[in-house]
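Trainee: Mind having a look at this structure? Questions to follow.
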Amino acid sequence: MLSLCICGTAITSQYLAEKYKVNTPMLQSFINYCLLFLIYTVMLAFQSGSDNLLYILKKKWWKYILLGLADVEANYLIVRAYQYTTLTSVQLLDCFGIPVLMALSWFILYARYRVIHFIAVAVCLLGVGTMVGADILAGREDNSGSDVLIGDVLVLLGACLYAISNVCEEYIVKKLSRQEFLGMVGLFGTIISGIQLLFMEYKDIASIHWDWKIALLFVAFALCMFCLYSFMPLVIKVTSATSVNLGILTADLYSLFFGLFLFGYKFSGLYILSFTIIMLGFILYCSTPTRTVEPAESSVPPVTTIGIDNLGLKLEENLQETHSAVL
């Protein structure tokens, strides 16, 4: 279902770019962050105690600024990379986020993997390679990009930022709450994307010839992205960020299947094979749960002190026990 949400964002973005010549990724993300703000940030404002918005801002405001920055820029860099490099490069290099995510989970979340998990990841990446091969054979590799090296660097940076965002998301939804994650991402995502929007896309927005079809595509994109952000924490809470990222590798394939009818893509049997391989790897990964170890404690024994009052109480207890024994 999360893959279908991503597929919806890809299709609506492609319609806006190809049919209506609208290329405003930051505006599309801004609308999504505004929805998160209106729903989840407002919910936090009415919470009490440590779940209250003001309390969270007072204690952890700078951490959520960094998280919001990573999330906004990850979305932006991946979309911007398509202007410089090829579809194949984006699909392949975007997978770099999975080993980065596993490494971050190892050191930050103390997740421990078995051999079967590494085999499952390799199988999923093999499925992505099969999908890329199908793209090349089907002739979808027409655009060579204006500067492939810049595009590849943007994809790698975006993949790393996605991994950081996902690890933080897993930590927050498992240790704190889903509402806190979505509320704070909605708050700072709205602010950061709004500022970036004013500086980078105001000319593109001003040139849009608005009609109901373009508005409907923007609404559809925002709803798909909102559902993705709302439901992903639920899945991460019962599984892990790594397994979710393996599962949503199928999003590109869903987009290809819809593209057969909407954009006239050529069909290849390798698409079915790649889908099967990715799902096999995903099921293999989920078949064995990962372990979580507790962080190592200090080997220095804690220093215990007994104050005067506590010493008096200890002596009194000992005297009472002696008296009871005599009786």
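Glycine is treated like the rest: Cβ placed from N, Cα and C.
Per TrEMBL, transmembrane segment is recorded for 30-49, 91-111, 118-137, 149-169, 181-200, 212-232, 244-263, 269-286.
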Trainee: Any contact between the transmembrane segment (269-286) and the transmembrane segment (91-111), i.e. 3 or more CB pairs below 8 Å with pairs at least 6 residues apart?
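Mentor: Answer no: the transmembrane segment (269-286) and the transmembrane segment (91-111) share fewer than 3 Cβ pairs below 8 Å.
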Trainee: Do any residues of this chain, six or more beyond the ends of the transmembrane segment (181-200), have a C-beta under 8 angstroms from a C-beta of it, and if so which?
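Mentor: Beyond its ends, the transmembrane segment (181-200) has Cβ neighbours at 26-27, 29-30, 32-41, 43-44, 53, 56, 64-65, 67-69, 71-72, 76, 168-169, 172-173, 229-230, 233.
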Trainee: For the transmembrane segment (149-169), find every same-chain residue at least 6 residues outside the stretch whose CB is under 8 Å from a CB in it, and list them.
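Mentor: 67, 70-71, 73-78, 80-86, 89-90, 93-98, 100-101, 104-105, 108-109, 181, 232-233, 236, 241, 244-245.
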Trainee: Test of understanding: applying the rule of at least three C-beta pairs under 8 Å (pairs 6 or more apart in sequence), is the transmembrane segment (30-49) touching the transmembrane segment (91-111)?
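Mentor: As far as Cβ distances go (cut-off 8 Å, pairs 6 or more apart), the transmembrane segment (91-111) and the transmembrane segment (30-49) do not touch.
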